[in-house]
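Q: Take this structure first; my questions come after.
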Amino acid sequence: MDVVSLDKPFMYFEEIDNELDYEPESANEVAKKLPYQGQLKLLLGELFFLSKLQRHGILDGATVVYIGSAPGTHIRYLRDHFYNLGVIIKWMLIDGRHHDPILNGLRDVTLVTRFVDEEYLRSIKKQLHPSKIILISDVRSKRGGNEPSTEDLLSNYALQNVMISILNPVASSLKWRCPFPDQWIKDFYIPHGNKMSQPFAPSYSAEMRLLSIYTGENMRLTRVTKSDAVNYEKKMYYLNKIVRNKVVVNFDYPNQEYDYFHMYFMLRTVYCNKTFPTTKAKVLFLQQSIFRFLNIPTTSTEKVSHEPIQCKVSSKDSVYKNRNSKRSVRGNK
């Protein structure tokens, strides 16, 4: 792996300051993968999101409605973490598939095995009234193939808009991946929010989380156009191809690979019920507890390709653009 010096990771899409056209050869690369990587990706993003709500005084006393939650193994860690902090949360986990048995028998967790529609969303809202709702959505439908089609995505995003409209949550974390430009159908609308990148996503995943906190006014919508899709594809490929394959040499941590650097900045914001001498000690404690929970082995930094020559990834001249590639970024989860 090549090396780089960075002050902070690209936490949000708007912070990505370069772009790169897709190279078809990337599809043949063997992806490095951790066990339970999908659960790790979800756990880190949701722990960061819920800790942010805790910081703003929004989390305590809320009901987390998680639609598309199965198998939900990682949710047990989230539940236990906030329970041990004394934060009062109820969980309603809804999916047409069955959940991990590790979630059975918890008084503050309700498991629902069904898919949602508008009628059922209205019944949830009535059932939970007047509780404040925090919505997490990981809905995903695939009618064929390895990835959802553009039709699938548009259907999912329309459903997520209905969720927001009916449930009227105080905050939400929604699944978000822009359709690829070469599969474009039509412009559409999504809720206004921050598009958060995800450490430990698959190598060329273009998926993010759309985070929003609502302050009482009507939901604001953002129009997504084909021009946005082109921009999104190039920036996400740059993030995945260039940035995520770096070792961060000025990052003092047992594993200096970029995804661990990204994880560090997420976990440093998380509250704990014990004190630590340094932020690094706290993050190590949290990482080890998460990896232990998910049975993920601890690894050290992969061997670098060259001697450490420090360079800034953010330099606009560091990547050649317009490589005349017509293929889209591929990788959804």
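First residue shown is number 1, and so on along the chain.
Each Cβ is built from the backbone N, Cα and C atoms, and glycine gets one as well.
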Q: Which of ASP21, ASP80, ASP108, ASP138 does Swiss-Prot put in the same S-adenosyl-L-methionine site as GLN39, TYR66, GLY68, GLY72, ASP95, ARG97, VAL116?
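A: So the S-adenosyl-L-methionine site in Swiss-Prot includes GLN39, TYR66, GLY68, GLY72, ASP95, ARG97, VAL116 plus, from the candidates ASP21, ASP80, ASP108, ASP138, ASP138.
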Q: For the mRNA site, Swiss-Prot lists TYR22, ARG177, CYS178, PRO179, PHE180, ASP182, SER205, ALA206, GLU207; sort out which one of GLU14, GLU46, GLU217, GLU233 goes with them.
A: GLU233
Q: What are the non-local neighbours of LYS175 (active site, for methyltransferase activity), defined as same-chain residues 6+ apart in sequence with CB under 8 A from its CB?
A: GLY68, SER137, ASP138, VAL139, ARG140, ASN156, GLN160, GLU207, ARG209, LEU210
Q: Report, as a single number, how many Cβ atoms besides its own are within 10 Å of the Cβ of ARG97 (S-adenosyl-L-methionine binding site).
A: 11
Q: Under 8 Å between C-beta atoms and at least six apart in sequence, can you list the same-chain neighbours of TYR66 (S-adenosyl-L-methionine binding site), or say none if there are none?
A: GLY72, ILE75, TRP91, MET92, LEU93, ILE94, ILE136, SER137, ASP138
Q: What does DSSP give as the helix, strand and coil breakdown of the region 'Binding to NPH-I' (169-249)?
A: 21 helix, 26 strand, 34 coil
Q: Of all the binding-site residues given, namely GLN39, ASP95, ARG97, VAL116, which is spatially nearest to SER205 (mRNA binding site) at the Cα level?
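A: Going through GLN39, ASP95, ARG97, VAL116 one by one, the Cα closest to that of SER205 (mRNA binding site) is GLN39.
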